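K.L.:
Below is a structure I'd like to ask you about.
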Amino acid sequence: MSRYVFTSESVTEGHPDKICDQVSDAVLDALLAQDPASRVACETVVNTGLCMITGEVTSKAKVDFIHLVRDVIKEIGYSGARAGGFDANSCAVLVALDQQSPDIAQGVNEADDHAGDPLDLVGAGDQGIMFGYACNETPELMPLPISLAHRLARQLAEVRHNGTLDYLLPDGKTQVSVVYENDQPVAIDTILISTQHTAEVGGMSDEQGIRERITEDLWTHVVEPATADLNLKPSREGTKYLVNPTGKFVVGGPQGDAGLTGRKIIVDTYGGYARHGGGAFSGKDPTKVDRSAAYAARFVAKALVASGLAGRAEVQLSYAIGVAKPVSILVESFGTGTVSNEDLTALVQEHFDLRPGAIIENFGLRNLPQARGGRFYQNTAAYGHFGRNDLNLPWEDVAAKAEELRKA
C-alpha cells in the first residue's frame, strides 16, 4: 500500500499577486465588453502606494484605466483607515500600455495553415505547452488539496467582507495537506491559515492573546463552514492546525510585499497536482493560447473523467505561433483508463476541435464579458480558474461532451 501526503495552497483576493491578476483581468473585461475583438496583454505591478499597468493593447474601446484600477483595489478592501500603505483612493496609478506588435498580430489574424475554414484563420498567439487535468476526488473533478485550500481562502475573505470577523484585513494564504493511500485521499493531515489582521483584536494587543483568539475564530467561522459538506472532514484532534505561525500578520498586502500578474499559476490551476506549461492566464485575451488552450485542456480532461473513460486524466496540448492546429495532443490516464492512452488521445483528436478559433467560438470567450454585464475574467482571477461551480464557466460544462464520449 502506498501512503503519502500531498499539499496545495491558495491565497485570498488581497494577496499582492492576486491584486495584480484581478486588475489585469478587469482591464481585459473592460476592453472586451466594448470591443470583443480587442487584443490584450496586460501586466500589473503593485507596491507600497503604487499600482502600474503595462503591456500591449489593440482595441477600439475607450476605458478610464485609472478609475477602473482604483475601483478594483477598493472592492478588494484596500481603502480607508485600514488600507495601510496601499489605499485605492490615494495610491499612484501609472498606465503604460502600448499597441500589439504587428509581427505577432499578422500570425494571429491569419494562420499559416488556413485552408478555407474560417476557424483556420485564427492562429495561436504564441508557441507553448498547456496542461489540463481532472480526477474523481471531488464532485467538481478537482484534486482535493487545492479544492480545500480554495474553500478556506474564499471563506476567509467572506467573513472579512461580511463583518463576521471585523479584525481581518485583505491579505491571506491557506494551505492544506491531504493523506493519500493508494492514490485516494483518506485524511486531512494539516491546515495552515495565515491572515492579515489589525494591530488590536477584541481589545487585546498582546501577540499571544491575539493569536489564540484568531486561531479559535478561524476554526469556527472558516474551517468548519468551508468543510461542512465534505465526507472527509478535518478535526481538532486528528488534524494539525496552524494559524499565523510567525505570531502576527499586521503589515501585509502591497505594503508588505510587491505583487505581479502571473505569479500564482499553480494556485490558479491544480495546486501542483498536475503539470503546468508555465503560461499565466490573467490579462490575456482569448487569442493567447496560454489561457484559452489551458481552458480547453481542462474541458477535455474533465470530459474524459466525467464520461467514465478515466479516473484521472492529464491532457497536454502544444501550439506554434500563427498556426491554428495543435502541434501535439497527449492524454495520460495514470493507469485509470478503461482504454489505452493512445485510444484516449485518438478520441480527443476525433471529438474535440482544439484550434484557437474553435475554442474561442465554442466557449464564447470574446463575448463573455459583454454577456455577463461587463465582468467575467476578473471573477476567475482569485480562487482558481477550474472547478468553480459558482461562476458558470463554459469549460466546466462537460455534460454533453461526456455523453458524446460514452457513445463513441
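Using the three backbone atoms N, Cα and C, a Cβ is placed for every residue, glycine included.
Computed from a predicted structure; not experimentally measured.
Pulled these from Swiss-Prot:
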BINDING   H15, D171, G172, K173, K248, F249, D257, R263, K264, A280, K284  ATP binding site
BINDING   D17  Mg(2+) binding site
BINDING   E43  K(+) binding site
BINDING   E56, Q100, D257, K288  L-methionine binding site
REGION    100-110  region 'Flexible loop'
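In the displayed structure, how are the listed features positioned relative to their neighbours?
P.N.:
Annotation note: K264 (ATP binding site) sits in a coil segment as assigned by DSSP. In sequence order, V11, H15, D17, K18, D21 are the residues near K264 (ATP binding site), counting only same-chain partners six or more apart with C-beta under 8 A.
Counting only same-chain residues six or more apart in sequence, the Cβ atoms lying under 8 angstroms from the Cβ of E43 (K(+) binding site) belong to C20, S24, I53, T54, G55, L260, T261, G262, G283.
According to DSSP, K288 (L-methionine binding site) is assigned to coil rather than to any helix or strand. Taking the Cβ of K288 (L-methionine binding site) as centre and 10 Å as the limit, one finds 23 other Cβ atoms among all the protein chains shown.
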K.L.:
Work out how many Å separate E56 (L-methionine binding site) and K284 (ATP binding site) at their Cα atoms, rounded off.
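P.N.:
Distance between the two Cα atoms comes out at 10 Å.
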K.L.:
Express the distance between the Cα positions of D257 (ATP binding site) and K288 (L-methionine binding site) as a whole number of Å.
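P.N.:
Just about 29 Å between their Cα atoms.
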K.L.:
Would you mind ranking the binding-site residues H15, K248, K284 by how many other Cβ atoms sit within 10 Å of each Cβ and giving me the lowest?
P.N.:
K248
K.L.:
To the nearest Å, how far is the Cα of G172 (ATP binding site) from the Cα of K288 (L-methionine binding site)?
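P.N.:
That comes out at 30 Å between the alpha carbons.
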K.L.:
Tell me which of the binding-site residues D17, E56 sits in the most Cβ-dense spot, judged by other Cβ atoms within 10 Å.
P.N.:
D17
K.L.:
Measure from the CA atom of K288 (L-methionine binding site) to the CA atom of K248 (ATP binding site) and give the result in Å, rounded to a whole number.
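P.N.:
About 41 Å separate the Cα atoms of these two residues.
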K.L.:
What whole-number value in Å do you get for the largest C-alpha pair distance within H15, D171, G172, K173, K248, F249, D257, R263, K264, A280, K284, the residues recorded as binding ATP?
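P.N.:
36 Å is the greatest Cα spacing among the residues binding ATP.
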